Amino acid sequence: MGEVEAPGRLWLESPPGGAPPIFLPSDGQALVLGRGPLTQVTDRKCSRTQVELVADPETRTVAVKQLGVNPSTTGTQELKPGLEGSLGVGDTLYLVNGLHPLTLRWEETRTPESQPDTPPGTPLVSQDEKRDAELPKKRMRKSNPGWENLEKLLVFTAAGVKPQGKVAGFDLDGTLITTRSGKVFPTGPSDWRILYPEIPRKLRELEAEGYKLVIFTNQMSIGRGKLPAEEFKAKVEAVVEKLGVPFQVLVATHAGLYRKPVTGMWDHLQEQANDGTPISIGDSIFVGDAAGRPANWAPGRKKKDFSCADRLFALNLGLPFATPEEFFLKWPAAGFELPAFDPRTVSRSGPLCLPESRALLSASPEVVVAVGFPGAGKSTFLKKHLVSAGYVHVNRDTLGSWQRCVTTCETALKQGKRVAIDNTNPDAASRARYVQCARAAGVPCRCFLFTATLEQARHNNRFREMTDSSHIPVSDMVMYGYRKQFEAPTLAEGFSAILEIPFRLWVEPRLGRLYCQFSEG
């Protein structure tokens, strides 16, 4: 006698933390799914009657007909209204726009004669089958999966994620996935596909080798209100489902400590999201496409990398780094360029001014005019060395206008005091006001030229934003505006001397590590 195939049922599995199992009728009746309590989908783009499903237990397949307006996807086939597709066991139905995945599963039943047909969504209840029928639910509860919403950070933990002592970290866009449309930026939530076919196999190997798989992705458009967080969450769940391995996903939604290349996401992983298990930097790796590669870095790759943030993220941590092509395709390492400014090279010591032979302070009344980018260290230096020695501090940010600055300077000089002008003063015209004040009072006027470059000043401003909530952010428009307006000071303007002030790192040790991190790619 031929072997009788074990009877069973087809059911749909939601992503970790999603809806409970959805059992499909085995008698040929249609089941309509869409937005609602059965799927726990609230996406308004998903119709309440999005798809019609008819299960065939004999072939273990499901016929899928799209009823809604927006596209559903069966496996890799995108449907249209009225069109049909099919699912086999292990295939995934994306309800709408490539989101809200439901994977078809088969569950064998050992005593079918005692098991009457039950409505969709009702678990099997025979004594012999209770344990098997509850497996999907138990698996989800045990893994404690789902999303955690923190300030400026989203964290997703899929079922099956375990704490490990080594991490295989990945960027998302351009590393694990790319756009299906071929455009640089996705046209919608369903515009994605796995970047290379080699990726799923490699990820399975890493999981088998004991790596924790983690995605670190910057998504500033969420913080700016241009990308709904719930839409991106659904996309992440769909991507993780497609990759077929348990991932933890950290999403930086704003600028600051969490945004790569700053290491805040990694710090959160180590301190709060790995159950206290220490992570070995040397045994871990990070893979990303923002690697600072120049134009024509490989045959057919004409565009240079848009950023170096992924490579710098790894560099900040001391992690081994690879690009997707090097890691998944075994391409030879490509050349790359690091930013012109390296914060690790900033000195804490050295001469306060150049030339060193010049005195920093004057015993007699004078005017000192500072010149330098916002963030060049002017206020810190002047307060530490001049204001503390009795100089009157004149600053437009506190006084409100250059007219008040001039008045304050004139008043101080009439009182026989020394004055430090703490403004950017980029051109001769802005400096001439204070040269004239000194000339009218019959005292010398010196210029302190703060030599921090544009890139160093931008780094300093980002550091201030991360460490001082009272600091008003300085936009790049202001920074580049200063550079455009800048005129190098000369003695011909009326200065008695021009001293160069190199930037020195004046931060407490606990902040030194953060300052020395690359903060922009």
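Numbering starts at 1 and runs along the chain as displayed.
Glycine is no exception: its Cβ is also placed from the backbone N, Cα and C atoms.
Thr122 is the residue among Thr122, Thr277 that Swiss-Prot labels phosphothreonine. Other residues of the chain with a Cβ within 8 Å of the Cβ centroid of Gly372, Phe373, Pro374, Gly375, Ala376, Gly377, Lys378, Ser379, the ATP site, are Ala370, Thr424, Phe450, Ala452, Ala457, Asn460.
Highest Cβ count within 10 Å among the binding-site residues Gly372, Pro374, Gly375: Gly375.
Annotation for Gly377 (ATP binding site): same-chain Cβ neighbours under 8 Å, separated by at least 6 residues, are Phe450, Ala452, Asn460, Ile501, Phe503, Arg504, Trp506. Taking DSSP states H, G and I as helix and E and B as strand, the domain 'FHA' (6-110) has 0 helix, 50 strand, 55 coil. DSSP assigns Gly372 (ATP binding site) to coil, not to a helix or a strand.
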